[in-house]
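Enquirer: Let me begin by handing over the structure; questions about it come next.
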């Protein structure tokens, strides 16, 4: 599972600046949940091929009466859920009582913690850091987050070694890691091959489909989970997954195996109403990372919120297949239903490839139809398409709509091949293809989707240009060119 790093510290010590600095390595703030956690932001970053989730917690204060009393519950939860904690202090302001209170709390938590002294630009670092060694947290990493100084050393010396160990340890886990190992092997296989392979050692359709049921609190995720399990009347048992938070529940339907990833935990149907469904952003993000298909549950009576759109954006950025379930559809008037459909068309137009189902998890109406779309999305995401087929589709798209001129020259697209699966990746080779405008790239993506009939999964297109073999070579004259040049020079001398 993807490791989690929490940034903690007093207010205004530069946590958000470091958060932006780290997430900009991926050039995106992947998940921000406004209104849900006012003092926390979530980002997904990639450094040297290692991915991790970063939490920017709110400032912790109130050391006068003890940090346990005044530390925000969200920040406490972030520390508990994190694998690595970066404790930021202000080197300019010096050691403060709140810093000592936070350090005391962190020493009592069994988490790998690094002390990071920010705002060290323009000051004597050794003098400024002397007092902070009394916190008893070991080595101090001086940085200037606003300018990026020291951040690379922090990444190389602190984060990458721990993240690497975390990933290796997870590979030694059992049960669920067998499926994860398959997908890792499949991705490595896809990077090495640029031509279609006739022989496939792995058939994705024989593996269980990992299905993550995600959504805001109280939209009916657990009710839907229990309904999907109860319909099949199978023996359900809890299978602890690779994380502390998610429960993996195997089930079977129509001869096909599934693994439901329940972020809220499994509860008996009779107790669902008695328990307040808790929402953990970290659980949800990790479930999305680990699944093949994400089932996003939306409350029809509350409409689409910013949290729904944030989750949707994270699913798309992660390249996961998507099915949307609009729950609590029962009991609504026809007029209200039409309004909900109009709102969905307006706000979800950018994910028109995803199937939308109107269901009632409580009564079971429409739930059975979800599996057809889940299977369709998974099949489209893992389907093999040959180079000849992709190249033919590319030529058809080019014939229907010629690419624009770039610096007075026509872009030449030579051939296309599969660059990966889950999500499907199409790699197009040619001249100046990377300079194509975004509008034409969207046209190509939609053309491939329409022709291949890809539903339920995003499709990505990558462009590669061939290098000019003569770019670094001097022009060498042929023998005839040399003789011609000599005659020309002799003629010029005579004319003078």
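From the backbone N, Cα and C atoms, a Cβ is placed for every residue, glycine too.
Per Swiss-Prot, the features are:
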BINDING   9-16, 56-60, 118-121  GTP 1 binding site
BINDING   215-222, 262-266, 327-330  GTP 2 binding site
DOMAIN    3-166  domain 'EngA-type G 1'
DOMAIN    209-382  domain 'EngA-type G 2'
DOMAIN    383-467  domain 'KH-like'
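In terms of burial and nearby residues, how do these features look in this structure?
Expert: When Cβ atoms from all protein chains are considered, those within 10 Å of residue 120 (GTP 1 binding site) total 22, not counting its own. DSSP gives residue 120 (GTP 1 binding site) a coil state; it is part of no helix or strand.
According to DSSP, residue 215 (GTP 2 binding site) is assigned to a strand segment.
Averaged across the domain 'EngA-type G 1' (3-166), pLDDT for the predicted model comes to 76.
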Enquirer: Tally of helix, strand and coil residues over the domain 'KH-like' (383-467) according to DSSP?
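Expert: Going by DSSP assignments, the domain 'KH-like' (383-467) contains 32 helix, 26 strand, 27 coil.
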Enquirer: What is the nearest of the binding-site residues 9, 12, 57 to residue 329 (GTP 2 binding site), using the Cα of each?
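Expert: Closest recorded candidate to residue 329 (GTP 2 binding site) by Cα: 57.
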Enquirer: Between the Cα atoms of residue 9 (GTP 1 binding site) and residue 215 (GTP 2 binding site), what distance do you get, rounded to the nearest Å?
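Expert: Just about 30 Å between their Cα atoms.
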Enquirer: Using all protein chains shown, find which of the binding-site residues 12, 57, 218 scores highest when you count other CB atoms within 10 A of its CB.
Expert: 57
Enquirer: Nearest to residue 221 (GTP 2 binding site) by Cα, among 12, 57, 120 (binding-site residues)?
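Expert: Nearest listed residue in space: 57.
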